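Copied over from TrEMBL, here are the features:
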- 25-47: transmembrane segment (TRANSMEM)
- 41-287: domain 'G-protein coupled receptors family 1 profile' (DOMAIN)
- 59-78: transmembrane segment (TRANSMEM)
- 98-120: transmembrane segment (TRANSMEM)
- 132-154: transmembrane segment (TRANSMEM)
- 205-227: transmembrane segment (TRANSMEM)
- 239-260: transmembrane segment (TRANSMEM)
- 272-289: transmembrane segment (TRANSMEM)
Amino acid sequence: MDSTNYSVVSEFVLLGLSRSRELQIFYFVFFSALYIVIVLGNLLIIIAVTSDSSLHSPMYFLLGNLSFFDICQASFATPKMIVDFLSERKTISFTGCIAQIFFIHLFTGGEMVILVSMAYDRYVAICKPLHYMIIMNHSTCTALVLISWAVGLIHTLSQLSFTVKLAFCGPNEVDSFFCDLPRVVKLACIDSYITEILIVVNSGILSLSTFSLLVSSYVIILVTVWFKSSAAMAKAFSTLAAHIMVVVLFFGPCIFIYVWPFTTYPVDKFLAIFYTVFTPILNPIIYTLRNRDMKAVMGKIAAQYLRPPKIAEMPFVTRIPHD
């Protein structure tokens, strides 16, 4: 760089979803209610999986970890977004911005691997039922969860390694409700073309590899049961329907955003809302409404904590009048 004086950016301005005051009040109420439902819904799944012995199985163990990822993913930026709806100037410090980038890629990368682990669990359960408990033992399930966190950590550290060395010395307005990496990189005051390519390749490798593993596992399962019977095919499809729906809802917005990551579209910020806010609330709804065991256990928990306390019954004594 030349000797020109540059002012170092110490904070970023988040433009948010809308500048309309009326819309911001509506968004504040709507997303506040939505966030409460996300936390309570996923927390209820975690409590159900850990407290009820009938749900102590590999599938529900992974589902509980998916719910934990959903709570984390909804919490890295949503609370600040809600507070910002009531703020005139929506700013975030440079350190806070880097923290948001770190956590979104950590949780998103980890959730991708958890979804692959859940698909592998269904593959073993349907295609190798006699060996299910041997293959999907406690050590295997724990290893799958640890791998998901490790992959998420490696992914986010590699993304940050491309970003932290960039110089930000001019524009500081991010057209989103959080520090979305592609939009932040565009604000760098040096040529960031190579960095942009590396970020796309990094996200692309993780997204495409996990998505390919998911699709391959579903295809193998369906092909395997196809040759058994129509009843087995129907049961397998019913089991996989919830998984496939979650995968489509989660990967769809991510793929769209990162196919053209440095060409901004008005719909991008709403797609970002979808995979950071709406997907975490859809996961518990999809998995619980299609699962009789989970519905039964959650019903018992809700009845236990929401049922009004019983009034102590007093013995009723009939007094017989004497003549």
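Here the Cβ of each residue, glycine as well, is placed from N, Cα and C on the backbone.
Automatic prediction, not curation, is the source of TrEMBL annotations.
When each of the listed stretches 25-47, 98-120, 132-154, 205-227, 272-289 is scored by C-beta pairs under 8 angstroms to the transmembrane segment (59-78), 98-120 comes out highest.
Annotation: stretch 205-227 has the most Cβ pairs under 8 Å to the transmembrane segment (98-120), among 25-47, 205-227, 272-289.
Here the transmembrane segment (272-289) has long-range neighbours at 17, 31, 34-35, 37-38, 41-42, 44-45, 63, 66-67, 70-71, 73-74, 76-78, 104, 108, 176-178, 180, 242, 245-246, 249-250, 253-254, 257, 295, 298, meaning same-chain residues at least 6 beyond its ends whose C-beta is under 8 angstroms from one of its own. For the domain 'G-protein coupled receptors family 1 profile' (41-287), the model's pLDDT averages out at 85.
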